[in-house]
Amino acid sequence: MNSNSTLFVRNLAFQTKQDDLTNFFSDVGPIKHAVVVTNPETGENRGYGFVTFSMLEDAQRAAKELKNKKLHGRILRLDFATPRKRSEVDTDQNKAVKKTIRQDNRPRLIIRNLPWSIKKPQHLEPHFSKFGKVREIKIPTKGGGRMCGFAFVWMKDRKAAEEAMNSLNGTEIDGRPIAVDWAVSKDAFEATTLKDASSEEENKEFVSDEGHSIVTEDASADSESEEEVDGHSEGKELAGESEEEGSNVDDVEDSGDSSSDKNSINHEIRDNEGLEDTVFVRNLLFECTEQELYNHFRQFGPLAYAKLVKDPATDRSLGRGFIKFRYEKDCQNCLEMASQLPTQEPTEAEKRFLPSVLVDEGIDTDSVSSRFLLHGRLLKVTSAVTRKEASDINQKSLQERKQKMGKGVDRRHLFLLNEGKIAADHPLFNSLSETDKTLRSQSIAQRKKLLEKNPTLHLSLNRLSIRNISRHIDPKILAMLGRQAIRGFMDDVSKGLRANITEEEENLDKGHRLKRGKSGGVLKQAKVETEKAGAGRSKGFGFMQFISHKYALMALRWLNGREITVKKIIDAEIEWARKHKIPEPQLPNIDYNDRPRRLIVEFAIENIQVVKRRQEKEKSFRQKAKQLKQQEDEDNLKRKRSESDVEDNEAKEKQAKVARIIQRKRMKRRSRKN
């Protein structure tokens, strides 16, 4: 780079791109090029860049005029770029010493136990920028873009880094406690790990002041399996342990009550043994120690151990623990007394506020509840379960809570993206052409991208997208194909060629199904998209809408990847009509090249706003139709009334005429007699 006409630009915002830098400096004068230095791994910019002007005067003017100007909300720092000078007389030893000193002094922090919501440096920067300037943030990922759960933060100076570490260590980000520490080199980390591994067996157990064996926390617990647990339900909270403390739930073998055994605990993991004498305790004070827990539960009988459940990242208590009794009868007695504790469902008003973890002050000290009071908290005691049972209960209760709260429900039906996908192990995969494989893979990628970008889009439960159809297929023939798909699927099921729709799939849209049409069919609509210009030529794709998800799923699984021709559709329809002795439909003659096409069938992507407008339009149309029908009925009634009135008048006139004739005849008779 030409140092005379090149500016070194610092303090760039993370979202600043090369074009933004070019546009910002081009107002001063012509620019040869502008570069934003990025991280080759993540693609995020490092917060600095270079701008090279065509003229030296423009570079000097830019350094003066744009100094302390803001770009994307950050004040730029401008200097003339100079080549990096390297000393050629440095020996290898001096370089190694300088590198060590530089690494030891650079203010880099490691943040562990990050929540999965922290995916980009911008998400983490606000937490550290209040302590000083953040130079760089790296968030490593695994294969497939999965997060590793930790990150590195490089602060401008060591004082700011130290202040950030002291302030943020142990705090929560998105409900998850983080651990902040100085970052060390990989070699130093591996050396420390080996040293810790060699002394692990020696530190695996220790003895309390009273001689009772206390089991240490298993540091190998997986922090990724933690789940937040609501404190209202017994069964739900028990499941909160998940796999994190799976080894803690297991049996710790007790070889007797001799004094020599108090200093030795066999920490073998046995999933299905020894849980009859173990209880699980919740609602503990975070500051509660294992010794305090041990001393409190000794009132129920001799104990083997008392153990707290700790966060492996911060080594802090999670407010839960395990108590193992020496005798099963003492454990059962404790559980029986715990079952007598008062349980009261919160009122609707109480649900609006956080539940109190403290017991009422007016509690009777002689009651059962007083035996489960520790640090002013009423403990919740239940039976301990194995890791597998805890995981099953946790998953079940988590789903129940999410459904009650309206969370975790796939309202956009994204799981339907996999329907219609022909994987490499599918029987049809080898029969697909390379073009067909490419089209399908591109379609999946495009659909995923659309759904990620626009949250108003969702996958329809009963509407299918049919692509790669012949341009000679009109809505009438497409409707025939839809009906044939349902019949074909049911025939395959009866012959044992394919599995039927499951009960869960059948009830997926329960309460949201469409009404059958006048014909009583399951196909609600068949539509072929046509070009607006010209004679309305088909675009080669269309849509089918069924009355329920069940029939849409049947049609998709039968049609997807199937080769069809217009002749096959027409012949199948004629055969069906003859078999069931119904009039054959009037079908067009095939006088064109009817080559086979393999269908691509997927659940259609719909916009919730468009769907709402369509529903409102249909509702308005139905209301208008109803009003027109009512008006027509009223008009018919009026017409009938008027017609009946005319008929009544005619009848009355006729009767009057007859009466007059009779009266005249009577008058004539009387006149003759006289």
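Heads up, the Cβ atoms here are built off N, Cα and C, so glycines get one too.
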Where Swiss-Prot places phosphoserine when the choices are S198, S247, S264, S391: S247
Select, from S242, S317, S397, the one residue given the annotation phosphoserine by Swiss-Prot. S242
Among S223, S620, S642, residue with annotation phosphoserine (source: Swiss-Prot): S223
Name the residue among S199, S213, S225 that Swiss-Prot annotates as phosphoserine. S225
For the compositional bias 'Basic residues' (662-674), the distant same-chain contacts (Cβ-Cβ under 8 Å, at least six residues beyond its ends) come to none
